[in-house]
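All remarks here apply to the structure that follows.
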Amino acid sequence: MNDYDRGATSPDKLPGGEDETSTAPLPEKVQVSNSPVYKVERKLGKGGFGQVYVGRHISPTNANDTTTGSNAVALKFEHRNSKGCNYGPPYEWQVYNTLGGIHGMPRVHYKGRQGDYYVMIMDMLGPSLWDVWNNNSHTMSVEMVACIAIEALSILEKMHSKGYVHGDVKPENFLLGPPGTSEEKKLFLVDLELATKWKDSSTSLHIEYDQRPDVFRGTVRYASVHAHLGRTASRRDDIESLAYTLVFLLRGCLPWQGYQGENKGFHVCKKKMATSSEALCCFCPLPFKQFVEYVVNLKFDEEPNYAKCISLFDGIVGPSPDIRPINTDGAQKVCHLFVGQKRGRLMMDEEDDEQSKKKIRMGMPATQWISVYNA
């Protein structure tokens with residue numbers, strides 16, 4: 001789901017859609033938790049559980065208002081009977097309590113219930129990467145995609161460091177800042193409806209592995225193979241979905257697009273597993289192939305080497321961060337955490353690269369595919 005501003009609708013959305021109860025009329029004005037009064041204007045997008053509208057100030061800003069400097073906000077409505085609410089405030093609220101406002105995440109200013117709806121008042125952002133790609137004749141430059149890779153990795157590193165995985169990484173969920181502002185080149189990750197914890201809060205240990213082949217969470221086009229197979233989500237899944245997102249933005253399509261019908265997920269998963277990194281990245285610069293090979297071989301509880309991955313792409317973008325199409329300041333901070341990290345190289349260091357010792361997953365569908373129907 002694009003929580004803010006999308007000019008076109010992409011396929012392969014989350015299964016299910018909104019509950020019928022969410023068709024209840026929305027309020028014309030919103031005021032929750034001592035917020036200013038907002039007029040509900042045009043619709044920006046919707047997803048599995050909620051829908052997002054522009055909110056415009058129609059009352060004087062109060063002393064405690066945290067949205068100063070902007071006349072417009074994003075209003076996310078979720079019906080009280082939505083599956084995401086589960087007899088209380090939306091689950092997404094819990095996630096934003098931890099992640100809201102950290103690097104690459106929009107700020108949440110107010111939350112509360114009004115009538116039949118739970119309302120979250122958030123920063124108003126700009127177009128999604130899907131919008132940018134779609135409005136640019138379905139193309140995106142290598143430098144732009146490389147910058148997206150660099151900054152997206154830094155955002156995921158920060159999110160993962162807080163114990164969460166996103167669960168639905170895709171072009172629609174990466175947004176740029178508001179046009180004409182100092183943040184217009186900044187990247188944000190939105191929509192935390194499917195976020196889950198990879199780390200146990202009580203023990204600080206990695207959660208245990210499980211598999212439920214009858215359960216799928218995510219977006220078919222960009223989901224990891226592990227998600228298709230119903231495996232417990234972990235950090236590797238976000239990174240794999242990012243890899244597919246980058247290739248899509250660069251190539252304009254993915255080899256598994258076009259499947260339809262009830263068995264779409266089955267066929268897409270088989271195609272993903274049968275597609276080698278060479279075939280997937282045949283029209284992409286070498287770092288993209290290396291990135292794919294690295295991420296598809298990550299273990300369930302393995303911590304991705306974010307700085308190493310960033311260093312792959314850092315070598316194919318402009319030398320001056322000030323003129324890059326995407327602000328990559330966050331990525332610089334990630335890499336500074338790794339003493340001695342070599343940057344600006346297209347090749348991973350052989351002494352650190354264990355890919356040659358691992359068996360590549362791609363191209364071996366028979367060894368991993370598990371078929372379970374009506375479980």
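Backbone N, Cα and C atoms are what each Cβ position is placed from, and that goes for glycine too.
These features come from TrEMBL:
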- 1-28: region 'Disordered' (REGION)
- 38-339: domain 'Protein kinase' (DOMAIN)
- Lys76: ATP binding site (BINDING)
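Its Cβ placed at the centre, the residue listed as 'ATP binding site' has 33 other Cβ atoms within 10 Å. The average pLDDT computed for the domain 'Protein kinase' (38-339) is 92.
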